[in-house]
Each structure stands twice: as C-alpha cells, then as structure tokens.
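These come from TrEMBL:
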REGION    1-80  region 'Disordered'
COMPBIAS  28-56  compositional bias 'Low complexity'
COMPBIAS  57-69  compositional bias 'Polar residues'
DOMAIN    233-586  domain 'PDEase'
BINDING   H310, N311, S312, S313, H314, D351, D458, Q509  AMP binding site
ACT_SITE  H310  active site, proton donor
BINDING   H314, H350, D351, D458  Zn(2+) 1 binding site
BINDING   D351  Zn(2+) 2 binding site
REGION    583-632  region 'Disordered'
COMPBIAS  600-621  compositional bias 'Acidic residues'
COMPBIAS  622-632  compositional bias 'Polar residues'
Amino acid sequence: MVRRAVATAPERRATAVGAPIPIPSKKPPLGGRAAPLPLLEHPQPQPQHQVLHQAQSAPTQSDAPQTAAPTDHRPEHGSLTILRRNNTYRKRSKPRLVSMLSDSTELLQPRAQDPEACGRAAVRLRHLLSMLDKGEVSPEIIQNNIEYALRVLETFNINEKRCPSEDEEDELSEVQQDAVPPEVREWLASTFTRQNTLHKKRADGQPKFRTVANVIRMGIMVEKMTRRMSSSGLMEVPPAVTAALQSIDSWSYDVFRLAEASGGAPLRHLGYELINRYGLFHKFKIQPAKLDTYLQTVEHGYGRYKNPYHNSSHAADVTQTVHYIMSQMALVRFLTDLEVLAMLLAAIVHDVEHTGTTNNFHVNSSSETALIYNDKSVLENFHVSNAFRILREEECNFLCNLSREEYTELRSLVVDMVLATDMSSHFQQIKCMKNYVINSESAVDKSKILNLVLHCCDISHPSKDWELHSHWTKLLLDEFFLQGDKEKQLGLPVSPLCDRATTLVPQSQIGFIEFIVEPSMSVCGELLEKVAAYLHGAETGGAANGIDYKPGDVRPARPPLPWSCRPWEECLAYNLECWRRKEQAEQSTESRQPSKERWSEEEEGGAGEGEQEKEDVDAESSTDQQSPSPDT
C-alpha cells in the first residue's frame, strides 16, 4: 500500500508524473508530537510494473528524467515513490507508429465516407507531425497519409458536414436580370434564400441503408398496401369517402373532391387510410381510437386561422404526394417501417396551425412566435412543436407503444423534415443533393433524401394538372393578399406578391416554376432514380450503384429500373405554357386591369380545360389586338 501525502494546488501543478511529491513540514499536532513517517517498502521488480523515483531536488517538470529505481534502493525520507503499470503509462512505441502510418490495410480503414474517418485522419496527421520533427518518416508514408486525409476532407465537404461560410454564392445570381420582373425576383430572393443567417448542420451519424431481403420485404409491403379498412376495430368510412380514396395512387389526385366527400376532413381520412395501407397499425401497435383523435385534433389546428391555402386540404395534398413517391417510385423499398411512419407524420403536421402569413411577416412584425424562435424558421419550428405537443395528450398519443429508441429516431426524422420545408434553405438543399447525384462516391444521408422529398411535395402543385394547379394558385394569392392588407394596416412594407393592386400573377408563376419547382423536381427525380438503381443493383447482386469495375473494364448494360417515368414533367411544361400565354394576353391588353382580377375572371370563364384553354387565350389575344381600348 502506498501512502499519498496531500499537496497544495501549486505543488500539484508543478509536480511531474513520476516525480516525488513534496511532503509538508512536520508540525506536531495539537496535544502531542508528530509520529514519524514510515519508510516505503519497495516492492520486488515485476515485469508489468515500472518504478519511477526522483529525489526532492529533481529538476523541473520539462526536463525531469524518468528512471527506473534499482532493486536495492530505498527512497529517501520525505519523498514518494509512484508505481504505474506499463500499459497505462508507456507511450505508443515507434515501430507501432510507423506500422500504423505505413500499413496499406490501415490506410483503407475506415473508409473516407464513414463518420469516424475524420477523427482517424486527425490522429494519423498528429502522429505524422511528431515523427517529422525527428526526421524518422519516409516521403512515401507522408504522401499516403496526406492523400487519405484529402479524401476524407473532400467527402465531408461534398456532404456538407461543415457549416457553410457567410460568403456563400447567391444562387439567384445565375438568374438574368431581365428574365423576371423585379418584383418577382425580389419575392424569389426574400422567400427562397437566407439573408444574413447561417444554416446550422447536424453532425451526428448517418442513417444506414437497409439492404437485406429487399425482395421479400417488397412482397410483404405489397400485401400490406392491398389491405382495406374492413376491420371492425378501425374507423368507419362513408361510401363517398371510399370512392374518393380509390384514385389515391394517381399523381394528380383531386384532394378537393375528398374534402367535399368527407365534410371538410380530408386529412383525417387520408392519414388514417395511408397508415393502415402501409401496415403500421400492426407494426407499431397503434390504437385506432388514439390515431383518430390525433388526426382530428391536428385537422382542427389547421382550421384555426381559416386560411385559404395553408389548411388541412393542403396538408392532405402533400401527404398524398408523399404516398405517391413512396409507393409508385420505389422509395418505400429504401425505407424502414419507422421511416415510412415518420415520412407520413411529417407530411401530415408540416403546416399545422399555420397563421396564414410568412416567416418574414412574423419577423418584421416582431410577433410572439418570432420572439420564441429567435427569427429562425419561425413557422416551421412552430408547426413541429405543436405536433409533438398534441402527442403529449393521453387520448392523442398513438405512438405510446413505441420504444424509447424508436420514438427518439422518429422525432428526430420528423423535426428535420419539417424544418427542411423552410423555403429560405431551398437553394442550399438543392445544391447539396445535386452534389450527391453527380458524385457517385459520396456518402448518402437518408435523412437528407427524406427532407428533399417532403420539400418537393410541399411545392408540387404547379406540377399537377392545370385544373388543380390553377385552383391552388388562386387560393395562395388570396392568402398573400390578406397578408398584404395586414401589412398596410400595421404600416409595414408590403411583401412581394402580397399587393392585390400590383401583383403580376402570370409572371410570378412563370418565375416560380422555372427557378424553383422545375429544378427541384428534376433533382428529386434523379435522386429517386439513383435510389432505385441502388436497390435494383443490390437485388441483382451488384453493389450500391452497380458493380464496382476497374478503369478500362467493359460494363454490361444496367438492368431496367422498376420505373422510368416522371409524371410531373408533362404537367410542368403544359402549365408553364399556359402562364406564358396569359402573360402575352396581358401584355397585349391596352386597358390594364389588376392582374389578379383579370386572372380570376378568366378562371371563372372556364379557362384551363385541356386544349379549350389554349384556344380561349388565343381568341382573347386576337380580340385584344383588333380592339384597342379607348384609354390608349
């Protein structure tokens, strides 16, 4: 047993490892003399121990030598001998360092795209620097380790593991000055870019692929999705709602018909149907009554402010679009059951209790919500917070049977997806996924894929049939104009596209489709094709992106993908052409009416039904050119 003397703080800081600890002066205790300090009996030398000894008059910590005490040596009175095991004190030997830095096997572990690769590269570089100081490393070892560190840095840069710099390039700089009117450009800049803010990135580990038994899992999923709500324990569905849900697997689904058939509760019936179709009731032991109560409470929250656009019909439309991409474009085979549930839940709640105003309005008006969330993704934080606050109510907690780990993962996924619907992070999100699609060697973060899918579904109405898109546009403009009226009452600057007297409707929709929707859906389509190729390659015996071939090898043709159609492309092209025709019609009109009123009159007059809509616009343009107004 080793007796330890208590040293003061300065003495502890000045004492080197292995140096003797000074013993305080022997003052007699109260009432008697101090007992003499017994000498330490030095143990016999053992292979696993090293005895360190130093006299009180040893040099300072920086140059204090560490020597092994001889076998027959007894420490001087007033000094302390410290015993340490070799495996805890001895530093890594030089041969081991050289082996670690030069071994070709270790240079490949871990891979550059693995989360722990960054830390491993840092350790290797630190050891390399220590050996460079002594001149004990060859140029080949230096080159190999620096190349490994560069691969790690390039991979992490592509995946945007680091926070973006403040001088990040403005994506709108690529838009020509005369491509869109100034008001539309201002709206694009204020809505889809971040101004004077930095986007904070997650640095945790990446979700892993699930590559085992994809074929079997797909067969089970098909069986689950063919189930109907015939069980007596499930919610009773009116026949009109059942008929409206029959076309739920189509791209241009008419959610307005479902809203009418359900008596204004489309989200309740759609959300219930999809959770049942994917077999999630049985998988997570969801109680139907609690799920029904939760959906009704969420739907009631959507109707709190009676918004023309951001209501339960919009949430149901986004949820149905998510379902289409998961079921018809092979994404469901890429996801676990928990991720499917998180995807549906995020779509259902992504705009719950929306105030009918934008984030900029909350920030400029210093609303209570903006103060709570510090002007950062104000509405998105508000939505996801309300969604989980409702889940805390006992009668609404349909996730009560999830394990703690499952609930934690689901909450993290839902929070990330809802926050990613913030339009100010649009360009950064698209740029990140473009890099992944282009670079086949970059690692995949499943959460980022889910974020992009939900974001694209949130802005997807211009990629649906004209009848649906034109109706959604009218509702959105009504909501924008109500915000403009509030801003005038509060004495605030009117936000772009919110002034009912000056807004250019066709031009705004053209800019929205060309610069926001079309690029987003294009990247989403390429991403889904890459995911399908990954799954198809895994099922046919290949690697994630097919078989890894060496340079110069002849690669066979890739097997056909499960799908190769992008249903939104035709709709986007047609809708864009319709808006351009309307723009030409307005420009040729001599008597200029407010754009919103003129567009509303055309909508009420039946514009937008197939080829008849184009003929109406052509006839209107011809009439305007033949009959100029008296004001000209």
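Cβ coordinates come from backbone N, Cα and C, glycine included.
Residues listed for AMP, H310, N311, S312, S313, H314, D351, D458, Q509, cover a largest CA to CA span of 23 Å. It is 10 Å from the Cα atom of S312 (AMP binding site) to that of H350 (Zn(2+) 1 binding site). Residue with the densest Cβ environment among the binding-site residues N311, S312: S312, by other Cβ atoms within 10 Å. H314 (AMP binding site) sits 10 Å from H350 (Zn(2+) 1 binding site), taking the C-alpha atoms as the reference points. Within the set of binding-site residues (S313, Q509), the lowest number of other Cβ atoms found within 10 Å of a Cβ is recorded at S313. Across the structure, N311 (AMP binding site) and H350 (Zn(2+) 1 binding site) are spaced 11 Å apart at their Cα atoms. Each of the binding-site residues H310, H314, H350 was scored by the number of other CB atoms within 10 Å of its CB, and the largest score is that of H350. Taking a C-beta cut-off of under 8 Å and a sequence gap of six or more, D351 (AMP binding site) has these contacts in its own chain: Y302, H310, H314, A315, L379, H383, T421.
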